[in-house]
Amino acid sequence: MPSRRKSPQFGHEMGAFTSARAREVLVALGQLAAAVVVAVGVAVVSLLAIARVEWPAFPSSNQLHALTTVGQVGCLAGLVGIGWLWRHGRFRRLARLGGLVLVSAFTVVTLGMPLGATKLYLFGISVDQQFRTEYLTRLTDTAALRDMTYIGLPPFYPPGWFWIGGRAAALTGTPAWEMFKPWAITSMAIAVAVALVLWWRMIRFEYALLVTVATAAVMLAYSSPEPYAAMITVLLPPMLVLTWSGLGARDRQGWAAVVGAGVFLGFAATWYTLLVAYGAFTVVLMALLLAGSRLQSGIKAAVDPLCRLAVVGAIAAAIGSTTWLPYLLRAARDPVSDTGSAQHYLPADGAALTFPMLQFSLLGAICLLGTLWLVMRARSSAPAGALAIGVLAVYLWSLLSMLATLARTTLLSFRLQPTLSVLLVAAGAFGFVEAVQALGKRGRGVIPMAAAIGLAGAIAFSQDIPDVLRPDLTIAYTDTDGYGQRGDRRPPGSEKYYPAIDAAIRRVTGKRRDRTVVLTADYSFLSYYPYWGFQGLTPHYANPLAQFDKRATQIDSWSGLSTADEFIAALDKLPWQPPTVFLMRHGAHNSYTLRLAQDVYPNQPNVRRYTVDLRTALFADPRFVVEDIGPFVLAIRKPQESA
């Protein structure tokens with residue numbers, strides 16, 4: 001339950017956030033805004049500086065890793081110095097500014113330096129990063145909320161991160177695929193800086209530095225390939241502490257924290273569905289635990305946390321509706337397909353509980369320390385209570401996800417593993433501080449020794465992050481970018497023909513890209529250019545309103561057609577806007593091929609790839625323009641025929 005006795009490291013409990021005093025709230029908001037500005041400034045300057053140098057590729061040279069380590073050590077040493085300045089009461093405003101600069105710089109150097117010789121982000125333009133880049137491309141082409149692939153549909157996937165990145169790309173005139181890397185790194189730097197402000201509003205500044213850099217390092221190691229999820233992940237620990245204290249406050253106290261919790265959940269609802277669902281689940285658990293513990297004090301006392309929960313929910317729903325309402329209204333009147341739902345995924349990690357505190361590693365050690373601290377302090381410390389409930393919620397969510405397989409779905413619990421690690425590492429940082437304080441009473445030399453051990457551990461973990469991310473970094477260098485180049489300077493792949501394909505489509509159709517529907521199995525083409533797709537990458541990322549399974553059936557049926565007349569008649573009868581551009585590959589026996597996907601959950605892998613062969617005779621007609629471009633076959637239905 002909320003703290004009755006403060007633990008040593010939990011100084012001015014909850015600061016402005018649990019107080020409704022307007023001045024303190026305004027100060028807190030000002031500091032949050034300053035954190036965003038500082039993070040953006042640091043990221044932009046740093047990334048521009050890195051981009052000015054022609055670096056060797058990360059997979060074939062250790063230079064970028066070496067420079068990453070130097071930058072990380074400099075940032076961590078600087079944070080130690082800033083903590084020392086603060087502890088001795090010197091230059092405190094400058095110390096806060098320096099803290100924001102250095103945690104932002106730590107984030108940028110950890111990812112920006114290893115990616116310095118490529119324009120692509122982690123995992124390049126492959127698999128999941130294809131659809132993410134496609135979404136960013138769509139929302140660069142238009143500020144309207146639209147589906148990433150299907151014409152005329154509202155978005156199902158939360159657009160928040162992609163919309164802001166798209167607006168930045170449009171404002172600067174940068175291709176969306178090229179904006180992905182700087183926006184990903186900048187957005188995570190923003191999240192880390194905001195997390196620092198949230199922590200220093202609740203605990204002593206030097207401890208806030210420690211908790212922030214520890215959680216940031218784990219986030220960068222295990223969540224950074226999905227940058228919008230990483231942002232929510234690093235903000236979850238301070239927001240859970242804030243929410244726990246707000247729900248547990250009495251009388252007129254804590255309402256600023258309640259509002260803050262609602263705003264955070266609403267923001268998360270526009271950012272990442274799974275984490276807002278987990279966050280809401282955790283907040284409900286908090287409210288129920290508080291209500292149950294207060295039953296002996298009367299109904300009014302027990303109902304108060306539930307009323308606060310209702311306020312949190314109302315605020316979150318109001319904010320979340322800005323992006324979810326168009327989809328919900330459309331889904332209320334149009335058929336929705338659950339075939340290929342995003343929840344149809346059960347890897348081995350989702351079939352077992354994970355216990356990072358039992359790993360024989362540096363991460364395992366800090367997680368074990370955090371676990372012990374949670375057990376000891378959960379009832380006496382608000383941070384411990386909040387983080388403990390967050391950890392328990394992950395395990396409960398995982399068990400519910402396993403049970404959900406009986407209903408032929410899952411809750412994607414394996415994606416909460418980075419969240420679990422971040423929560424335990426935050427607890428471990430608190431436990432480390434408390435252990436040092438307890439041992440420090442026995443001698444003055446304990447604190448310098450602990451500082452040295454902590455700094456060494458932070459450097460050891462941080463310098464290993466590029467190795468943790470090495471597979472994703474390698475793909476960022478081996479994939480071909482939108483300019484037809486690879487980061488490792490080796491011969492590019494077939495994507496180098498995309499500019500010629502784009503030029504041919506625009507020449508024949510005479511239309512803007514956002515007026516053309518393309519059927520292709522080379523989905524990275526849609527990641528680089530904002531054409532609409534007739535069919536998505538996989539059923540799991542397809543908008544349920546798009547009826548992926550029915551579209552797949554229609555495409556498969558075309559393999560049985562023999563003439564162009566039959567094919568054009570079939571296209572014109574489609575219940576959706578038909579494709580006018582077909583980007584295919586050559587097949588055997590006078591055919592063109594498309595390699596498509598089918599949902600086969602609960603099997604693993606959960607997607608089966610299959611090939612659809614279309615006879616060349618379907619396109620051997622004056623109503624089509626057919627052209628070979630590299631390994632591709634581009635067939636375009638002439639505008640007067642598709643009108």
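Glycine is no exception: its Cβ is also placed from the backbone N, Cα and C atoms.
Here is what Swiss-Prot says about this protein:
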- 466-643: topological domain 'Extracellular' (TOPO_DOM)
- 25-45: transmembrane segment (TRANSMEM)
- 66-86: transmembrane segment (TRANSMEM)
- 97-117: transmembrane segment (TRANSMEM)
- 180-200: transmembrane segment (TRANSMEM)
- 205-225: transmembrane segment (TRANSMEM)
- 229-249: transmembrane segment (TRANSMEM)
- 255-272: transmembrane segment (TRANSMEM)
- 276-293: transmembrane segment (TRANSMEM)
- 355-375: transmembrane segment (TRANSMEM)
- 384-404: transmembrane segment (TRANSMEM)
- 420-440: transmembrane segment (TRANSMEM)
- 445-465: transmembrane segment (TRANSMEM)
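The stretch from 25-45, 66-86, 97-117, 276-293, 420-440 with the most CB pairs below 8 A to the transmembrane segment (205-225) is 420-440. Among the listed stretches 66-86, 97-117, 229-249, 420-440, 445-465, the one sharing the most Cβ pairs under 8 Å with the transmembrane segment (276-293) is 229-249. Counted over residue pairs 6 or more apart, the CB atoms of the transmembrane segment (420-440) and the transmembrane segment (355-375) come under 8 Å in at least three pairs, which marks the two as touching.
Away from its own ends, the transmembrane segment (384-404) comes close to residues 1-3, 7, 236-237, 240-241, 243-245, 278, 281-282, 285-286, 289, 343, 350-351, 353-354, 370-371, 373-374, 376-378, 410-413, 416, 419-420, 423-424, 426-427, 430 of its chain (Cβ-Cβ under 8 Å, at least six residues beyond either end). Sequence-distant contacts of the transmembrane segment (180-200), counting only residues of its own chain at least 6 positions beyond either end whose CB sits under 8 Å from a CB of the stretch, comprise 17, 28, 31-32, 34-36, 38-40, 42-44, 47, 96, 99-100, 103-104, 106-108, 111-112, 115, 118-122, 129, 132-133, 136, 161, 164-165, 168-169, 207-209, 211-212, 215-216, 219-220, 224, 227-228, 230-232, 234-235, 237-239, 242. Per-stretch counts of Cβ pairs under 8 Å to the transmembrane segment (445-465) identify 66-86 as the leading one among 25-45, 66-86, 97-117. Proximity of the transmembrane segment (97-117) to the transmembrane segment (255-272) is not established, fewer than 3 Cβ-Cβ distances being under 8 Å for residue pairs spaced 6 or more apart.
Below 8 angstroms of C-beta separation, residues 14, 16-20, 25, 158-161, 228-229, 231-232, 235, 239, 242-243, 245-247, 249, 279-280, 283, 308, 311-320, 322-324 of the same chain, each at least six residues beyond the ends of the transmembrane segment (255-272), sit close to that stretch. Within its own chain, the transmembrane segment (229-249) has Cβ neighbours under 8 Å at 1-2, 13-14, 17-18, 161, 187-188, 190-192, 194-195, 198-199, 202, 211, 215-216, 219-220, 223, 255-258, 260-261, 264, 268, 271-272, 274-276, 279, 282-283, 286-287, 290, 305, 308-309, 312, 382-383, 385-387, 389-390, 415, 418-419, 422-423, 426, counting only residues six or more beyond its boundaries.
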